[in-house]
Amino acid sequence: MSAVRIGPYTVHNGLILAPMAGVTDQPFRQLCRQLGAGLVVSEMVTSDMSLWNSRKSRLRMIHAGDPEPRSVQIAGGDAQMMADAARANVELGAQIIDINMGCPAKKVCNKAAGSALLKDEQLVNDILQAVVAAVDVPVTLKIRTGWDRDNRNGLTVAKIAEQAGIQALAVHGRTRADLYTGEAEYDTIAMIKQAVSIPVFANGDIDSPEKARHVLQATGADGLLIGRAAQGRPWIFREIEHYLLTGKTLPALQSSEVERILLEHLAALHVFYGDVMGVRIARKHVGWYLATLPGAREFRALFNRLEDTEAQCANVREFFSQGCKGPDNQNDKEVAA
């Protein structure tokens, strides 16, 4: 896969970590960049700046040490508020502003934000025009294929986006009504790619190197947005890049390497969030890392009762040292891709 340009920035391998609320915090973004992501995007930040003083919102902002280019996703349904939020994030260090018109969550859509905006093409245009005019950095957009299967207007929205000055577009291959059920469809993404000249990134159900190649071939997309498949498997980016370059799959990770990555991730979470919140946040990540391993269910029940950072790290070490064998119960197990 060739490099993709977004304004002055180059995504060297066309692979982007999709923004995911509650997941793509700074520790996870840094880890995914280290393990092959060409660009990482922050968690969604509300455009309502009156809410930015909460600890939750502050932690979602750009921080020292964030890998460049620093991309921040904003969400909202008011053009002026979105423009103001974009400008404020640039002042805080954002180098790319990403607009969320793809989130299907009810709490977002009920506020006429996220993928709810796809119902109102004029409002889509107003928001995009306002944000692009407000900042001097590239503005990107994430959408779904439409509101529901009878209203797949992703192609129209993509044309609106290009005319408004959006510099790259990510398309999830489901409608808002689909949520995350069923399978993503890629025909609409292919149509969008043919209709616009800005870079298009395909998203949805890309969970293996082989699937990545299939989606690229099916859509003609310039790159890929990887989301849920990176949870507990941040090395998926280098797996995909290697496969696309060579046609060969990388060997599965040894358990010792998974242990190292997981402990590094836990330590970063504990530092970033502090002991109390860091312990809570770490629980879901550990569940994702170990989901396919024998004994993981019992271990998670124990791990989720731990209340301090040292105990969490010690128990992870013990889990791996007690002969964690992997899917085939082999010594020095390999983690299945």
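Just so it is clear, glycine is given a Cβ too, placed from its N, Cα and C backbone atoms.
FMN binds Pro19, Met20, Ala21, Lys142, Asn203, Gly204, Asp205, Gly227, Arg228 as Swiss-Prot records it, and from the list Gln73, Gln80, Gln95, Gln312 the residue named for this site is Gln73.
The Cβ of Gly227 (FMN binding site) lies under 8 Å from the Cβ of Leu17, Ala18, Met20, Asn203, each on the same chain and at least six residues away in sequence. When the recorded positions Ala21, Cys103 are scored by other C-beta atoms within 10 Å, Cys103 scores highest. Reduced to three states, the DSSP call for Lys142 (FMN binding site) is strand.
If you take the C-beta of Lys142 (FMN binding site) and look for same-chain residues 6 or more apart in sequence within under 8 angstroms, you find Ala18, Pro19, Gln73, Asp98, Ile99, Asn100, Met101, Gly102, Leu169, Ala170, Val171, His172, Asn203, Leu225.
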